[in-house]
Each structure stands twice: as structure tokens, then as C-alpha cells.
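Per Swiss-Prot, active site, charge relay system is recorded for Ser349, Asp469, His499, and the stated evidence type is sequence analysis.
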Amino acid sequence: MRYNQLSYIPTSLETAVAELQALGFAVQQEQAPKESFAIFLRKLFFHFQDTDYPLSHMIATKELDLLSFLASDEALTKEVFDLVALQVLGFIPAVDFTDTQDFIQKIGFPIVFDSQQLLLNLHQLLATRQKSGVTLIDSLVSQGLLPMDNCYHYFNGKALATFDTTSLIREVVYVEAPLDTDQDGQLDLIKVNIIRPKASTAIPSMMTASPYHQGINETANDKKLHRMEGELSPKAPRRITVEPTDFQPLATKPSRLPVNECQETFSHISSYTLNDYFLARGFANLYVSGVGTAGSTGFMTSGDYAQIESFKAVIDWLNGRATAYTSHKRDYQIKADWSNGLVATTGKSYLGTMSTGLATTGVDGLAVIIAEAAISSWYDYYRENGLVCSPGGYPGEDLDVLTELTYSRNLLPGDYLRHNDHYQELLSQQSQALDRQSGDYNQFWHDRNYLPQADRIKCEVVYTHGLQDWNVKPRQVYNIFNALPDSLGKHLFLHHGEHVYMHNWQSIDFREAMNALLCQKMLGQNNGFTLPTIIWQDNQKEQTWKELTAFGGHSKRQIALGEDHVLIDNHYGEEDFKRYGKDFRAFKAELFEGKANQAVIDILLEEDLPINGQACLKLKLKSSENKGILSAQLLDYGKKKRFGDLPAILELDSIDNGQQFAREALKELPFKDSPYRVVTKGVLNLQHRSGLLTIEDIPNDQWISITFHLQPTIYHMAKGDTLRVVLYTTDFEHTIRDNSNYALTLDLEQSYLLIPTDEEE
């Protein structure tokens, strides 16, 4: 374990003492340090009437147990404090460490002992994470240090788990959205599942906008998958134009219906454990699936501003600007009189995507988005540089396939009977509009691009993204983060995993940092918390995070690619083509082993290379036909320790998100030997060599120059490392599988790689 403590808020001695005393630690500024230390330690064992017993099982020095030390005349030193603090945090001498001071350095222990400031040290110790992944104070509260009295209690600017999760209110309401997406003449109703504590004051909300949450139709999804095999068709030269997105919600009027209490409840809904963490701390949890999902009405419009409006309507209802009904009969309205109107949105992938879309509406009441692995442009999810490009791991998927998956109204037989015929008509229109034949950007995709609306965002923004996420690729967060107004509070966590959550990792106190931020923004706590702009996981060291100022370096380093002409064949023999089509992972494995059709250029680095941004290939090439796909990957090549893609479980159920509530596993990305690592990659239709909106001819067998930006990343390579450039045509995971007999020839002497770095000019 290594500490990267973002969430602790430095405080005054007076505040620290007051907060310790409020928790029952009977310390005083006038006490001798050792006396305060003893009082603090005995309070930790509040379950014991005889606190001598647990103290006797800890050690203070190599010669004295802790009980004997406290009774002795020995002074409280840094060595004693550190050794005892480590044990309090769950580290075991002779098991986890032997040399205390060496271990303190190794784990980056965040507390610097000062006998004159011991109470501040103890205050920070309570706010420091244990080996198990929870802070010491959260561990104590989970054991019953404070009662579940449904009132807010704070420590170091963060809410504690004092809301009763054994007696929660669960209710369903139906919010009226200013939409008629299924064209039935009635405004769409949006089902909202609410879980909230029995609080006596108005409370904020965590909202997860998840089109998956009311169920998914995997059968329809699988039937809709598109065939990847086919020929890349040459396109007529032209300049693509689009109009600004012009979504207009329908008019609504305040309801005059009588107000009633909730008429529908539920017992269980799958939850997100970060929401559970906040539920125990006095935040309502709302799960909303939006238009076209089971329990709601409307059509699944998949990513456009109509879908986003269906989630926005819920925030409007929480603020008294929209109507919610107790049932589909629409005979009673229900008020959110328990809400303080402030909302934070959470969730990964599609869920985080809806957070970004919501933020671009500028809706009042949306205080914070915590968007993980979020899409900012749906074109960049299903297309890339003029090519149909399946998201990593899902060849054949497209937006109409996702519509089939998430249109969960068809899981209700009555809805299927009444509405499926019309749904199929609307789905057919969607399939045509997305234009899978050309792969071009068009109005359909522009209406699902949130980047042009980024200047409307006014809430606090937190993004997390994996730099090995080839599902929602890093360009998604790179573009939106760099499009945000400078006036915003914006924050980005970049890790080296794939499409994963990171709130339960051992090496970083993400949950606690979000607690401090949300208490500041949604509960009026003037806690002085400041979250860094960019927090990046160092790829060269285990469990190490660094603060950065920018995603995208201003310096460039030009790297030559060689002096030869190289030929890349597109065509495979029938057996290999079928084998790769059946298992794209076999293709990837053989590509990295040098067995596929490819050109490989190995570059031995003569100095450190701190990559930050979009690597760019400047190439001179020609195609034997009037078409061509170019795919590229940059590898950190050669055996050494690197991160794995998926977090591994360190300890099951070690994280308690409340008081014996919603336990989850502690995880961390493994750091182990590997033969290579993908640094970045990309695919390009050569007809789009001058940009996404420009289609050009490819003259047969004539040299052309291309500019090819790969996915952005932040990745540091060291002097002596090998940077491998892999160039090929068809990518069996992502692109159309065109087996036509053409070849690309590259003039390496007239080509080079341009690497953005975070070096100073």
C-alpha cells in the first residue's frame, strides 16, 4: 500500500480539538502529549470495558507493549507514534513490515509527528485510511461510535455515516417530461426509484441516470448486431456540413391536481456503492432510466437531447419546476418536499455520459457531476475518422443495437403488445439515420455531440477515465475536459485501467475526496477543500498518483521512423481471415507477436519520453487502390513491470459504506511483469486524411501525405525503453473487415512521429 491522501483538509488546532471532543475523545490542549495519546487510544477501543486488554496486544517499541509503555516514563517519540499509528491503521509488525521508518517512507505515510502538535496528528490519523480501505473515523463509526440518529455529523469537513440504513424510505414517482418521443399525444412519464433516509431536514440527492437500470433486452441486442465483414466503399469527395443542434422541449403547465403521498414502493434495486456510501451520510439515492425504459413511456432516442431532457425533468421536479405523479393514472401529483434541490450525478459509461449531457443543459440544481468513463460525442464512440469503429470488445455494435438493448419497455409484454410495431418504425428510422454504410459524421451524430454545448456547463465537474479504456476511448474525456470553460471547477482522475470504477481502490482516497467536495457544494460546509485539477496515476511506480495541470502538453518531440519503403498487405488467406473474424483476440495476440500483416518500427529511446496528449503520425504513403484503412498502435515494448487493465481484489468486503451497510471489496490495479503495453492506438479512413469533415479521393498508386492523430494519453517512458510503432490495415476488433486485395506502401524517410510532451518549451 502507498498513501496518496487528497481528502484531508488541514485545520486549526482549535477546530481539531473541538471535532475530537465532539466524537467523545476527551482530549484537551493543556494535556501532556502522552496523556492525550493514551486518552485517544483508549477511546478507539470503545467496545471494551477493559481497554487495558486491547492495548496490551499492541506494541510501542521492540521491548514494550503499548499498555506497558503508557504506564512507563518513556517519552512519546516519533518512532513510538509511527509504530502505534501503523497498528491502529491495520498494519501488523513482523507481517507487513519490520523496519518502521523504512515502511513509513515506502508507503508515503501522510502524518509527520510533532509532539507539540499531537492533537493535530491525532485528528489527521482519524481521517487517514486504514489498510482495509476505509478511514479510521469511518471504521469507528461503522462499529457504532456514533448513533444512527438521521442527523448530519461532520469530521474534517466530511459527512459521517449517521443515517439509518436499516429503515429507509423507498418510493416510486413518475415525472412528467416535456417530451412526446413515442408520438402518442401525451407527455412522456419517467419512472424514478428513490431511496432516502428518514431525515428531519431537506437533503441533497445522488442521481444515477442509467438506461440499463430497468432491465436490458440482450436477445434483441444480439439479433441486431451488425456483420463486420464487408468491403470498404470509396466515397465521393465532399465537405460535410451540419446545423447547430436545435432541441426544443414541449410546453408544460403547473399541475392543479391534488397532492398525495407515494402510492408505489419497491424492495430492491441494484445500486452503485458510491451512492450507498452517500446514502448512509444523508444523501437520497435516485435511479432513473429515462424515456423508452420499463415503467417509463416514450421511445429510446439514445444519446440525444430528448433523452437527456427526460433526466433533466427529474432535477426540475426536485426543484419544484416539474410535475411528478403517483402513478400512470396521472390523478395525483407528488412533491419532493424532502429535497433541498441540489443534485450530484454518478455512474460509469452510459451513466456518466448522461451526466455530461445533463451538465451541458446548464440545469439549475445540478451541483456536481461525477462522470466515469463518459462519452462526450457518440460519433467518437461508434465511429472514428470516417470509419465505422466498434467500441473495444463489442464488434458489430452500433447505436441502434444499444437502443434494442436498452428499450426495456419491450420486456413488459403489455407494452410490447401495444407499442412494438410503432417502436420498430422509429428504430428503423434511427438505423437509417446513423448511416453505417459511409461512417461519416452527419446531423444525427451532431445532435449527439455534447462538445458544442460545453460552454453551458456551470456545475462542478469530476471525471475519471482509464487510459487503457478502448471501449469509451480516452479522446472522449480529453475533448470534453479541454472544452470546459476555465471558470469552472473541473477535475480529472486518469488511471491505467480499462473501463472500470476506481472509488474502491486502496491507493487513493477517492470516496473521501468526493465526500469533502459534495459537503462543500451541496450541504453548505465551508470546509476549504480544494481538489486538484488533474490527478494522474504514474505508470512507472506502483500505487503512485501525481498532480498535473493539463491533459495535453504544449511541447512536441519529433521522432524519425526510418529510411525504407515498407509494404502493408491488407489481404489474408481465407483460413486466417475467418479465424480472426471469429476471435478478434487471436488477431490482437498475433498482431503483437508480429504475425499479422503489418509494419513494425522499433525506436530505442535515448532519453526519457513523457507523453502527454495526442501522438500524431505524419506519413507519406500510397494505396494500390482508391481506398484504404490505416490502423496504428504504439507499444511500450519489452519485459518490465506495468499495470494490468483490471483491478484485482485485495480483500473481500473490507469496505463498509455505512454502519454494517453495503460492504464491498478493496481493489487495486496489479503491477506486474508484462511483455508490452499498448500506449495508444487509432484507425483512419485515408479519405479523411485532412480531417473528419473533409472527404478526398485516394489516387491509385500515388503518394499522399496524411496527418493521423492517435488517442490521447499520459504515459511516461524511460531512457532505454523501446517504443514500438505497429502499422496495419484492417483491425478485426474495431473496423470493417475488408479482405480485398490492396496494399499500402509507406515512405518512412518522409514520415515521422510527433509526440506531445509535458516538458517545458
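Positions of Cβ are set from backbone N, Cα and C atoms, glycine also.
Note that this is a predicted model, so its numbers are computed, not measured.
Sequence-distant neighbours of His499 (active site, charge relay system) (same chain, 6+ apart, CB under 8 A from its CB) are Lys348, Ser349, Ala373, Gly392, Gly466, Asp469, Asn471, Val472.
If you draw a 10 Å sphere around the CB of Asp469 (active site, charge relay system), it holds 25 other CB atoms from the protein chains shown. Ser349 (active site, charge relay system): 21 other CB atoms within 10 A of its CB, across all protein chains.
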